[in-house]
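First the structure, in the form of structure tokens, and then the observations on it.
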Amino acid sequence: MKGVTVVDHPLVQHKLTIMRKKETSTAGFRRLLREISLLLGYEVTRNLELTTTTIETPIETMEAPTLEGKKLVFASVLRAGNGLLEGLLDLVPAARVAHIGLYRDHETLEAVEYFFKAPSDLADRLVIVVDPMLATANSAIAAIDKLKGRGATNIRFLCLLAAPEGIERFTKAHPDVPVFTASIDRQLNEKGYIMPGLGDAGDRMYGTK
């Protein structure tokens, strides 16, 4: 599917299977989400630009590769995005962080914004938006609309699961934003949940209903 990368690494798929199981505990779900975010983060940052810098090893001076330009921004779609955020910050501790508060109106399935906080220099940074589920895509589209409105031009979207309906809507709304996911599931149900899915990621992370 154009613009969509499915990360099919065996460890990603194994951990995702355990996360899908309804008997997986809240603690286990959180731990697995953090672990899988590290593996997904490796893929979403694969083609970051490098430059060279002169360093001293214990043996000699050398020209060594280092990330070029300003560091990343990880933009977490609250609240479930924070589960992916924690692992990504382990991978890139110097990254800046944006928080986008959105909730889904269960009647209309539309995204409603209640919070936004981001670095001021988004135009100068790669922004990786993280949200475990790309279901209806309403929240993802709204989040990226907001980021673009604040100057972001280089954006990627990282999720755990995606539905075909969500991918179609998202890529039409933001064809310039590549999507990285661990799985494209079968479809959405009448309530807008991904099937077979893993349930509500936020509820499973925090033990809420």
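Just so you know, glycine gets a Cβ as well, placed from its N, Cα and C.
The 5-phospho-alpha-D-ribose 1-diphosphate binding site annotation in Swiss-Prot covers ARG79, ARG104, ASP131, PRO132, MET133, LEU134, ALA135, THR136, ALA137, ASN138, SER139, ASP200, and the record cites sequence analysis as its basis. Annotated uracil binding site per Swiss-Prot: ILE194, GLY199, ASP200, ALA201, in sequence order, evidence recorded as sequence analysis.
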ALA201 (uracil binding site) and ARG79 (5-phospho-alpha-D-ribose 1-diphosphate binding site), distance between Cα atoms, whole Å: 9
Assigned element (helix, strand, coil) containing ALA201 (uracil binding site), judged by DSSP: helix
Other C-beta atoms that fall within 10 angstroms of the C-beta of SER139 (5-phospho-alpha-D-ribose 1-diphosphate binding site): 27
Count of other CB atoms lying within 10 Å of the CB belonging to ALA201 (uracil binding site): 25
Proximal but sequence-remote residues of the same chain as ALA135 (5-phospho-alpha-D-ribose 1-diphosphate binding site) (Cβ under 8 Å, at least 6 apart): ALA163, GLU165, GLY166, LEU188, GLY192, TYR193, ILE194
GLY199 (uracil binding site) and ALA137 (5-phospho-alpha-D-ribose 1-diphosphate binding site), Cα-Cα, nearest whole angstrom: 16
Number of other Cβ atoms within 10 Å of the Cβ of MET133 (5-phospho-alpha-D-ribose 1-diphosphate binding site) across all protein chains: 29
8 Å Cβ shell about ILE194, GLY199, ASP200, ALA201 centroid, uracil site members excluded: PRO132, MET133, LEU161, TYR193, GLY197, LEU198, GLY202, ASP203, ARG204
Candidate with sparsest Cβ neighbourhood (10 Å radius) among ASP131, ASP200, the listed binding-site residues: ASP200
ALA201 (uracil binding site) and SER139 (5-phospho-alpha-D-ribose 1-diphosphate binding site), distance between Cα atoms, whole Å: 14
